[in-house]
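Peer 1: Structure in structure tokens, see below.
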Amino acid sequence: MALAASHSRSVIFAKRNIRYNVTVRQTCLLFSTNNTVSDGQRKPPSKKQLRKTQKKSPCTDHLSWQEKLSDVVTPLWRLSYHEQLELKQKHQERILSQLTGHLTGDFQSQSSAVRSKLSFPVLPVLPSPVRDGYRNKSTFSVNRGVDGNAKTVGFYVGTGRKGNIVCVNGDHLLNMPEKHKLVARCYQDFIRLSSLEPCLLFHTGGHWREVTVRTNAEGHTMAIVYFHPQTLTREDVAVHQADLVEYFTLGPGSVCQLDSLFFQESSMTRCSHEESPYQLLHGQPHIYEEVLGYKFRISADAFFQVNQAAAEGLYSTVRHLCFPSPEDGGGRTKVGGTLLDVCCGTGAIGITISPRVDRIIGIELMEQAVEDARHNAALNDVLNCEFVRGKAEVALPGVMSRLSSAGGGLVVAVVNPARAGLHHRVVRALRNQPAIRRLVYVSCKPDGEAMRNFRELCCAPDPQKKLTGEAFSPTLAVPVDMFPHTPHCEVVLLFQR
């Protein structure tokens, strides 16, 4: 009760029943990736440019900090879900028309007649079954708040380049579950009680950094606190770790009912478990999530789709495109062949497809993810999965050579890389392996480096780039909305030859 009272001073934000006159044309500007240039670096704008600027950059001074943050984190929050899906559909068609343009030499394919320019069908966006509070992982930053308090936990409004960053509480954000917001509030209370300063800039000192919260469908909760040791001794750090555990287990933070509390000391912005181990201070080392009837172990730094409900639609789509079956209801009709799962993470795609194929070979860089993948296969009694640790561009040629020497059989590849896309040597290995007739590419940012991958998979043979294999052709795209209230979605692309 005392903790609840301490939070009662929080402002109730963003009433949903307010009507906003936001047109589709205005909201499309949210998808622009063009960088703005400061006034001192360009010529005075013409009247026409001024009119465009006024349309593209409406004054936001009248907005509350909460509205400004919503516009940063969930830019589509003012629109109905139907309008959001319409925008995403048009955006994906516009992006994929670029691929058609590159393949046909028609670089006018970004015209308004996008549909007629596409050389392959783009199915309607698969909607998310859950639209609010869907995130199972959230990372909250620490910085100066609106009131100037440097120990404020939330999300950034502003940019480091302009020097106007303000950290705003995220209690009103539509995509965040209540449990995540609660942990963030308690962490803020804890660091404000701590004698240590927050680490805003590494070179200026301070210690308390961001906190990541992970939950599953059953409500189990994992918190990961990031900490810069600076010049503290091991004994000093241990004292503050003990304070953290006491706060979240016996103190006001016990209301969070954490199942796991991790601590990572890091002098870098991001580092892996291998570089700086995650220290389990309290509770269980893992939480578990279920997708399509399979159970998956989630470690502190493991990748898992942030929208569990929508992930079921994503993995069902990938399964069907990799190994289509006339009896696709239960997904367990045997087709045969080998699935090559590149950037396999914790093995979710391969494991959910495993009943349909003879063999799964997954490749993943992160050691902890490979351990999780092997554990997940054993946990679900999946015996036809093999997981290889290493850079995909290094491991893939050897795996492909092994598959070739084994002889025959259908080989389907699925790739699910990070935003940086696939290394060009991975694309080359996939392109130059004649046994692969079907490739499914899952991308969260098809207009980024993934587009380069698409072009290299589909271009004419190019000996200079060592792309000698038969070209793939895009035959189908399925957008899947994993991120309601934001412009983003996953797109699943089927390539065949």
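Each residue's number is its place along the chain shown, starting with 1.
Using the three backbone atoms N, Cα and C, a Cβ is placed for every residue, glycine included.
Reproduced below are the annotations present in TrEMBL:
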- CYS444: active site, nucleophile (ACT_SITE)
- GLN305, GLU364, ASN416: S-adenosyl-L-methionine binding site (BINDING)
- 44-55: compositional bias 'Basic residues' (COMPBIAS)
- 35-58: region 'Disordered' (REGION)
Peer 1: Validating a neighbour-count step here. Other CB atoms within 10 A of the CB of ASN416 (S-adenosyl-L-methionine binding site): how many?
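Peer 2: Excluding its own Cβ, the number within 10 Å is 23.
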Peer 1: Around the S-adenosyl-L-methionine site (GLN305, GLU364, ASN416), what further same-chain residues have their C-beta within 8 angstroms of the site's C-beta centre?
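Peer 2: Apart from the listed residues, the neighbours are PHE303, CYS343, CYS344, GLY345, THR346, ALA348, ILE349, VAL442.
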Peer 1: Looking only at C-alpha atoms, tell me how far ASN416 (S-adenosyl-L-methionine binding site) is from CYS444 (active site, nucleophile), rounded to the nearest Å.
Peer 2: 9
Peer 1: If you measure every Cα to Cα distance among GLN305, GLU364, ASN416, the residues said to bind S-adenosyl-L-methionine, what is the biggest one in Å?
Peer 2: 16
Peer 1: Fill in the CA-CA distance, GLU364 (S-adenosyl-L-methionine binding site) to the residue listed as 'active site, nucleophile', as an integer in Å.
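Peer 2: Taking the Cα atoms only, GLU364 (S-adenosyl-L-methionine binding site) lies 18 Å from the residue listed as 'active site, nucleophile'.
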Peer 1: Give the distance between the Cα atoms of CYS444 (active site, nucleophile) and GLN305 (S-adenosyl-L-methionine binding site), rounded to the nearest whole Å.
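Peer 2: Counting only the Cα atoms, the answer is 11 Å.
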